[in-house]
Structures are given as structure tokens and as C-alpha cells.
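One structure is given here, and the rest of the page talks about it.
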């Protein structure tokens, strides 16, 4: 896509970052991740997530009752769950450890976010969850700007009573044409501690490739003063169970724009991957992944192949009907 398009998209967005970690970590609710047995197609998950093509369906995963939210998934209609890793950031481009440093997208990352939006432009979205970091927020906004429904994504400011009051919308008609965007530090990238800002190759030369590989790819070994993937999963999955699953149970269609490790954690939970399987899972930047939530189960549908391929969105009767509805609105 032309550079001018990227620059225009960048200039059209002004987002305020709310910081990396919650200021009071004592309020963080931690829930252990339940790891089930190996799913039949787990070996192919890494390639599948990074692919631009339609994927096969895995065996649905039955959700347990959440002890925190008290929600037991009930039989209802189906909901769409879209997961998108943010587009390329400036530090991705420079090969630096980013973690919770708040770095924006590159022009390439903007294009990736726009392309992601085109892939999901026919899939319903009622609410968006994103991290408190600007690269994920930019990705969410740019993606939704491509949606055929043309609703406006609006970040909800509930950090204080005053912020909530000042950001109120007083037109019911305008509310109907808006999509709430909820930011949550629990969906932030894994905090890389003393590695943040360091060049990955130079760090490997300094500490040794094996040590750096262990910090990056082990499940339960954190870098100095940082988080392990296990620690990241505790906060991300707890938030997913407490806040996002109830929305899906209520029939809402949800998009999550977040980061490699927070999304790997959620996928680990959904697909019941083991700690060994999840460390080999790679997610490409800007490639959306689709799940269908139906009758208390998640069915992985993979990454939509492109907005021009009608069959990709006709996975279910409901998605096909939604696309037909959009066709009628746009015409």
C-alpha cells in the first residue's frame, strides 16, 4: 500500500496511552491457567496462525465454570471472537526488546492493521478490547476503520469518575453508530524487565544465545526483573475469563487487539495447549484469527483469507446472513 495512505492513517489517529502496568499491582487478580491434554492439531497451530489462508476446524473446547465471575457458559446463539496481534512497531523494526514500552506502529505496521481490518470487514464486532499500549490501540482503530458497518470505535475512559463523566455521549443515535473500545493493562505485552530497549542480537552476543533463548522462549523462566510467559498468562487469561467470556455468553461479538504473548496465553487457554506447545507458537503481526463461540464452546476457524472471498465468511449461517445484511446497507 502506498506510503501516503499510511501517513494519512497515522495522522488521523490521536490516542492517549494509559501506561504499561496497573499502578497498584495488589489489585491484580491472578487465576492459574488450566492446561488440558493436547489438541489434535496443535502442532500446526503456529503455521496456521501466521498464515493468510483459511484453516481447518479443530475440536471445540468446552469452557469450565469461572470461579471469579461465576459465569457458566450457557446454550445461546453464536458469537465471533477475533484476535489480532498489533502491526509492526518501531522497535519490532529495530529488533529491540519492546515489552511494556509504549512504542507506536511503523508505516508498515499501519498497513498491516489496515489489511487486518479488510480481512474482518464482514464479521460483526460489538465491542473491542485492547491493551493500554498505543500500538495495540492504533491497530484496533485502523482495523475498525475498514469495517463495512462504518461504526466509530470510541475508547471508554473509566480511569476516574471525572474522566467517565467528561467522555459521555449524550446522543442515543450516535451511540448506536459507535463501538466501545475497552483498554486493559492485563492484555499488555509481557514485561521484559531489564531487556527492554536492548537489541536482541547484541543481547545474545553479551549473555549467550542459549540464555537469551531461555528468557524468550521458556514458559516459566522470566528475564531479569521481568515476566515469564506463565506470569503474563495468569493476568491475561484471568481478565479474559472475568471480562470477555461474559460478553460472548451474552451474544456480543468481540475483537481483541493485543500482543504476541498476551494472545498466545489466551490461545493456550482456548486450544488447551501445554506449556511446551505454547512456547513454539508464533503469531504474525496484523493477521487476524477467528473463533466461533457457540453453546459454551470455542471453535477455531483460523485466519480469514481476504475480504473478497465470500466463502471465508460463510462459516456459519449467522455470519453469512450478517454479510448479506451488510450488502443491503452498503448498496
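Cβ atoms are placed via backbone N, Cα and C, with glycine included.
Unlike curated records, TrEMBL annotations are generated automatically.
Keep in mind the model is a prediction, meaning the values are calculated, not measured.
If you look up TrEMBL, you'll see 86 marked as active site, tele-phosphohistidine intermediate. Residues or ranges marked as active site, proton donor/acceptor by TrEMBL: 189. Look at TrEMBL and you will find 85-92, 98-99, 135, 189-192, 200, 216-217, 260-261 tagged as substrate binding site. Annotated site 'Transition state stabilizer' per TrEMBL: 259, in sequence order.
The structure, with features from TrEMBL marked on it.
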residue	record	contacts (Cβ under 8 Å, 6+ apart)
85	substrate binding site	258, 259, 260, 263, 283, 284, 285, 286, 287
86	active site, tele-phosphohistidine intermediate	105, 109, 113, 133, 135, 136, 138, 139, 257, 258, 259, 285, 286
88	substrate binding site	105, 106, 108, 109, 112, 285, 286
91	substrate binding site	97, 98, 101, 103, 197
99	substrate binding site	189, 190, 191, 192, 193, 195, 196, 226
200	substrate binding site	95, 96, 97, 212
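Neighbours of residue 190 (substrate binding site), defined as other CB atoms within 10 A of its CB across all chains, total 27. The Cβ neighbour count for residue 189 (active site, proton donor/acceptor), using a 10 Å radius and every protein chain shown, is 27. Each of the recorded positions 259, 260 was ranked by the number of other C-beta atoms within 10 Å, and first place falls to 259.
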